[in-house]
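J.: Submitted below is the structure of interest, expressed as structure tokens.
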Amino acid sequence: MKTSQNLVSVEQFSNQDVMAYLKLAQAFKNGKTVQLSQPTFAMNLFFENSTRTHTSFEMAERRLGLQVIPFDPKTSSVTKGESLLDTLKTIEAIGVNLAVVRHPRDRYYQPLLDAGFDMSLINAGDGSGQHPSQSLLDMLTIYEEFGHFDGLKIAIVGDLAHSRVARSNMALLTQLGAQVYFGGPKEWYGRDFEAYGEYQTMDQLVATMDVMMLLRVQHERLSQVNNQTFDASAYHQQYGLTAERAARMPKHAIIMHPAPVNRGVELASDLVEAPQSRIFQQMTNGVYIRMAMVASVLAHQGLISATQVEV
């Protein structure tokens, strides 16, 4: 596979790259192992709260044999005003080989790439911008279900305006040949989404989609913008995947959600564990996709031989 020193955006991925990551992730899922050429160190720097992404990156790193150095922004020199650039320069000087960063600022990574590092950087989410590891694990989940992307009808529904998952997935799904549709509050369907797919109501979407991908309503970002209040019950009735709507989905269709799930808001609580739900499979796949991403950047550094990431 083509290796990269840094993985920050789905814009880096050709279709061939995507399939290489999916195949390598499947190999790890089936028990593949790799050998590091020397002791290798990772640090996960999360400036936003996270359960799935943070934990699965650490699980991926440990499964690959890396030593994970803990980092807590609340007890770091960031609280003294140290910049993100200087923080990363510091950990590189100390000997860290891989930094995985989540940050609330869109494209936080650009000044870091411009500065240049020998260590690798993986973007674990930037503001409302990009979330490449989530996008790849979603591609893996869809590929495991259908075996292809071409012509699949996939609805992305919910808080589009604030979602890095929506932006990453709409670009990658369209590139791979899927047909993307959008749903949710119409005011969140902006011009940047119009180029990728049309808007439909929930009742229109559930009748024809192969995948219903629900997005969390991001209360924390809504309140930051304009102190909006939110009526969860009204949202669920108008834009949520209710049990009645789920019953009208095609028999082969699946439900996805990047989580955390607001049960009873984006979808009815019972649907989270329903037979057509792939939500927990997405979480499982997250470990193996992140193993593939970490292995790729380490192979670029020569810390894993290139032959070990070929499948």
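Keep in mind that glycine also has a Cβ here, set from the backbone N, Cα and C atoms.
Sharing the record's features from Swiss-Prot:
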type: BINDING; residues: Arg52, Thr53, Arg102, His131, Gln134, Ala259, Pro260; note: carbamoyl phosphate binding site
type: BINDING; residues: Lys80, Arg164, Arg216; note: L-aspartate binding site
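Could you place these features in context, so I can see how deep they sit and what lies close by?
T.: Sequence-distant contacts of Arg52 (carbamoyl phosphate binding site), defined by Cβ-Cβ distance under 8 angstroms and a gap of at least six in the same chain, are Pro258, Ala259, Pro260, Met283, Gly286.
There are 6 other Cβ atoms within 10 Å of the Cβ belonging to Lys80 (L-aspartate binding site). In the three-state DSSP scheme, Lys80 (L-aspartate binding site) falls into the helix class.
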J.: Find the one among the binding-site residues Lys80, Arg164, Arg216 whose C-alpha lies closest to that of Gln134 (carbamoyl phosphate binding site).
T.: Arg164
J.: Measuring Cα to Cα, how far is Thr53 (carbamoyl phosphate binding site) from Arg164 (L-aspartate binding site) in Å?
T.: 13
J.: If I restrict to non-local contacts, at least six residues apart, and a C-beta distance under 8 angstroms, what lies near Arg102 (carbamoyl phosphate binding site) in its own chain?
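T.: When sequence neighbours closer than 6 are ignored, Arg102 (carbamoyl phosphate binding site) has Leu45, Phe46, Phe47, Glu48, Ser50, Thr53, His54, Asn123, Ala124, Gly125, Asp126 within Cβ distance under 8 Å.
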J.: If you run the three-state DSSP split on Ala259 (carbamoyl phosphate binding site), which class comes out?
T.: coil
J.: Near the Cβ of Gln134 (carbamoyl phosphate binding site), how many other Cβ atoms are there if near means within 10 Å?
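T.: By my count, 24.
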